[in-house]
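Below is one structure; the comments refer to it alone.
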Amino acid sequence: MGDWSALGRLLDKVQAYSTAGGKVWLSVLFIFRILLLGTAVESAWGDEQSAFVCNTQQPGCENVCYDKSFPISHVRFWVLQIIFVSTPTLLYLAHVFYLMRKEEKLNRKEEELKMVQNEGGNVDMHLKQIEIKKFKYGLEEHGKVKMRGGLLRTYIISILFKSVFEVGFIIIQWYMYGFSLSAIYTCKRDPCPHQVDCFLSRPTEKTIFIWFMLIVSIVSLALNIIELFYVTYKSIKDGIKGKKDPFSATNDAVISGKECGSPKYAYFNGCSSPTAPMSPPGYKLVTGERNPSSCRNYNKQASEQNWANYSAEQNRMGQAGSTISNTHAQPFDFSDEHQNTKKMAPGHEMQPLTILDQRPSSRASSHASSRPRPDDLEI
């Protein structure tokens, strides 16, 4: 028989990406089929045609009678069965290799983007997309196989085809020569001159091997059915439990720096953005109750720069107690999708900014209030 090392190496790689039932099935395939077929079975059928003797001297009669009794050798039939049954598993392995290649490309792209990010480039959104794709194409999670999506469908289809091939080969074997061998075969076929009797060597030994291989096929079929029900039940159970969507989980876990640095993100999380209205000395901004831990260390340098700009502006104006400019007093102009605060959690609704004047009235303000203005009404 040929060398099974190439097929063995390929099937050995499937062990890392199979369930417990799949690993047991591969063990049955290796131990009770490939190894047994390469050692004991081949030696038992080594002389099947040479030891097939008919009681006639007619040339060619033994050959045609052997062809009628055994359309295909049992050994070659079982080799075909192993190849057909292993093909769906190899196709599943090809899908696994495809996903591994996708993951390698994403890793290389992520390294390139991180190098760009270290140089000051803004690639946060691209890194977030790569994280989502890696979650989709990833193969291992906490040491376990992540079998979902297309990979799960491929695995279920491979189990179905393996089961169909097992049933098909069992039916074909029963149709061609049954599950036992007789010691005498009667043949009446040209060029035999009359009905002749042909004798088979070691029929009992060969019958034992036939039954053994039949039992192995039935066990393999049962493992496939059990694994199919288990995988289907597991996927349905996960769907009923309403597991969190992996993409939304990834979106929550991976928040880009661009969004965290935006004024809208800061406002809705209770943080002061660099472009938010500033309160001059003596004033206090009230924005509602927020979580102080989420605002910690938020754009500290930008806030200091804004205060420096504000002080410079006040010095240029020469008015120590001037009111807040209209530029700083303008409300936020958010897009429509952020103005609906009904969807926010209770206790975190947006509250309008209110300015509490806690400073004492100054002389400058009193004099400024008594100065006549052009638009005042005369009494």
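Each residue, glycine too, has its Cβ placed from N, Cα and C.
Here Swiss-Prot flags 359-371 as compositional bias 'Low complexity'.
C54 (disulfide bond) falls within a strand segment according to DSSP. Residue density at C54 (disulfide bond): 20 other Cβ atoms are found within 10 A of its Cβ, drawing on all protein chains shown. Feature annotation from Swiss-Prot assigns disulfide bond to C54-C192 (among others).
Residues annotated as disulfide bond in Swiss-Prot, with similarity to another entry given as evidence: C187-C198 (among others). Shown in sequence order, F52, V53, C54, N55, E62, C65, Y66, S69, I184, Y185, T186, C187 are the residues of the chain, 6+ apart in sequence, with a C-beta less than 8 angstroms from the C-beta of C198 (disulfide bond).
If you look up Swiss-Prot, you'll see 322-379 marked as region 'Disordered'.
Sequence annotations record features per position, and here Swiss-Prot assigns topological domain 'Cytoplasmic' to 2-23 (among others) based on similarity to another entry.
Among the features that Swiss-Prot reports, topological domain 'Extracellular' is placed at 45-76 (among others), with the record citing similarity to another entry. Beyond the ends of the topological domain 'Extracellular' (45-76), by six or more residues, the same chain brings 1, 37, 176-177, 185, 187, 189-193, 196-202, 206, 209-210 to within a C-beta distance below 8 angstroms of the stretch.
The feature topological domain 'Cytoplasmic' is assigned by Swiss-Prot to 98-163 (among others), with similarity to another entry given as support.
Counting same-chain residues at least six beyond the ends of the topological domain 'Extracellular' (185-207), those with a Cβ under 8 angstroms from any Cβ of the stretch are 44-45, 47-48, 51-56, 58-62, 64-66, 68-69, 74, 179. As annotated by Swiss-Prot, topological domain 'Extracellular' applies to 185-207 (among others).
Taken from Swiss-Prot, the feature topological domain 'Cytoplasmic' applies to 229-379 (among others), supported by similarity to another entry.
The transmembrane segment annotation in Swiss-Prot covers 24-44 (among others).
The transmembrane segment annotation in Swiss-Prot covers 77-97 (among others), and the record cites sequence analysis as its basis.
What Swiss-Prot records for 164-184 (among others) is transmembrane segment.
For the transmembrane segment (208-228), same-chain residues at least 6 beyond its ends with a Cβ under 8 Å from one of its own Cβ atoms are 19, 21-22, 24-25, 28-29, 32-33, 36, 40-41, 44, 74, 78, 81, 85, 156, 159-160, 162-163, 166-167, 169-170, 173, 179-181. Annotation source Swiss-Prot lists transmembrane segment at 208-228 (among others), citing sequence analysis.
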Original post:
How many other Cβ atoms sit within 10 Å of the Cβ of C192 (disulfide bond)?
Top reply: 18
